[in-house]
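Asks: Structure in structure tokens, see below.
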Amino acid sequence: MNGDAICSALPPIPYHKLADLHYLSRGASGTVSSARHADWRVRVAVKHLHIHTPLLDSERNDILREAEILHKARFSYILPILGICNEPEFLGIVTEYMPNGSLNELLHRKTEYPDIAWPLRFRILHEIALGVNYLHNMNPPLLHHDLKTQNILLDNEFHVKIADFGLSKWRMMSLSQSRSYKSAPEGGTIIYMPPENYEPGQKSRASVKHDIYSYAVIMWEVLSRKQPFEEVTNPLQIMYSVSQGHRPDTSEENLPFDIPHRGLMISLIQSGWAQNPDERPSFLKCLIELEPVLRTFEDITFLEAVIQLKKAKIQSSSSTIHLCDKKMDLSLNIPANHPPQEESCGSSLLSRNTGSPGPSRSLSAPQDKGFLSGAPQDCSSLKAHHCPGNHSWDGIVSVPPGAAFCDRRASSCSLAVISPFLVEKGSERPPIGIAQQWIQSKREAIVSQMTEACLNQSLDALLSRDLIMKEDYELISTKPTRTSKVRQLLDTSDIQGEEFAKVVVQKLKDNKQLGLQPYPEVPVLSKAPPSNFPQNKSL
């Protein structure tokens, strides 16, 4: 099958039809954004590959073949692919948008979803098994090999849609992927990977039993609402422990006695993650065991469970207070002779985790020099996030009950009147650092010479150090051309300060962009996140 034939079999979706792109997540097989299709008038999801260098025709065709496989795999519990965006500088799969995110978010956002009823948990497990069983029964069988809670999406009624199957070429070509510390060296995630796959030479023999091992770990995770091996930070420790036969604990501490059909479920889990692949059951056998369990629940209980989650989600959203056009008093840890002044700001300073407003607490001023300058700032750079991998400002600021909700569309706000302690005389801007000065002096040369690979490495480094906000990353990564991405990166550097600029300079040096010499002398950057951000221990 040639490239033209593949393109004709997949509905083409021009890039300019994808309006309002918004960053959602980043994974091994690319970056996922939401968008609004200009003609269809519906929201869609776009998984696009990070293209650092021009793809060879053979590479592009290999990737398109995988997209074609996804397009053919049409089933109730498989994420539907709507088309392909195949352009020189943008290659992406367009799918249905899943409003309730992933199973990982449902299980581990316990503030947002304090309780998940047992009937719904069992329905989710049953639908995952149905979806993977369908893939295994295709001709030829389609093996997922990256099954994890992050790839199990949930539609508006919390039904399962399995994503990211058959994307080995996408994962291979996405060279800029920012690997989790528990990511496997060849795609997939260590905690969901069977021990025989630690040794590549044995993969072909055991490949059919890979997905059932991952499913067993997911069953444990759904029933316990805990992260497998959450206390272990080194993937080598996990690999050694699993290769010695150790698995997540199934005692009452993790799987309490009130779990319906607990004995049967533990039996399924333990057989699914058996050390010997030949001892693991097929998905068909799992379904035969699960179907009688599902029949013990009345249909109404599933509906009640979904309504309960929707109510919890609404309540959590309503507790996120947006400070907008409302005069407020903030305690800013300032001397008594500098009383706090009033702030009017069109941004959200609270994450969902803060819950209902409580007593006023102190606010530590961010280290961003643009913030301290008193200059008007883009509100998007101040928003708090509640999603895996992002650090919010939980507990830093609380809002009086009188605070008003605001329109998220507000584009800018003035922080010049927050406090004379933060903004001396409201006009003096802190001196620009060496790295920032160098970037400003070399701006057009950087735009001309910075490669796509260097750009993506810079974004990865900024993400790993928590130096870039979600909205800023989104603005950069969704630009249609390399030059527009670089310009946006440099604009963001001007706002975010010296530490941000140092990362960009270091990556330019690492990539030997010799036309930009001489480089400024900046300290060698450590790989650890900055100390003023809390460490994220979740997987």
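Heads up, the Cβ atoms here are built off N, Cα and C, so glycines get one too.
Residues annotated as domain 'Protein kinase' in Swiss-Prot: 18-294. Here Swiss-Prot flags 65-73 as region 'Helix alphaC'. Look at Swiss-Prot and you will find 167-193 tagged as region 'Activation segment (AS)', backed by similarity to another entry. Among the features that Swiss-Prot reports, phosphoserine is placed at SER168, SER174, SER176, SER178, SER180, SER362, SER392, SER411, SER526, SER538. If you look up Swiss-Prot, you'll see TYR473 marked as phosphotyrosine, on the strength of similarity to another entry.
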Asks: Tally the residues of the region 'Helix alphaC' (65-73) by DSSP class, grouping H, G and I as helix, E and B as strand, and everything else as coil.
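Replies: For that range the per-state counts are 8 helix, 0 strand, 1 coil.
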Asks: Return the count of C-beta atoms lying within 10 angstroms of the C-beta of TYR473 (phosphotyrosine), excluding that atom itself.
Replies: 19
Asks: Can you work out the mean pLDDT of the predicted model over the region 'Helix alphaC' (65-73)?
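Replies: Reported value for the region 'Helix alphaC' (65-73) is a mean pLDDT of 79.
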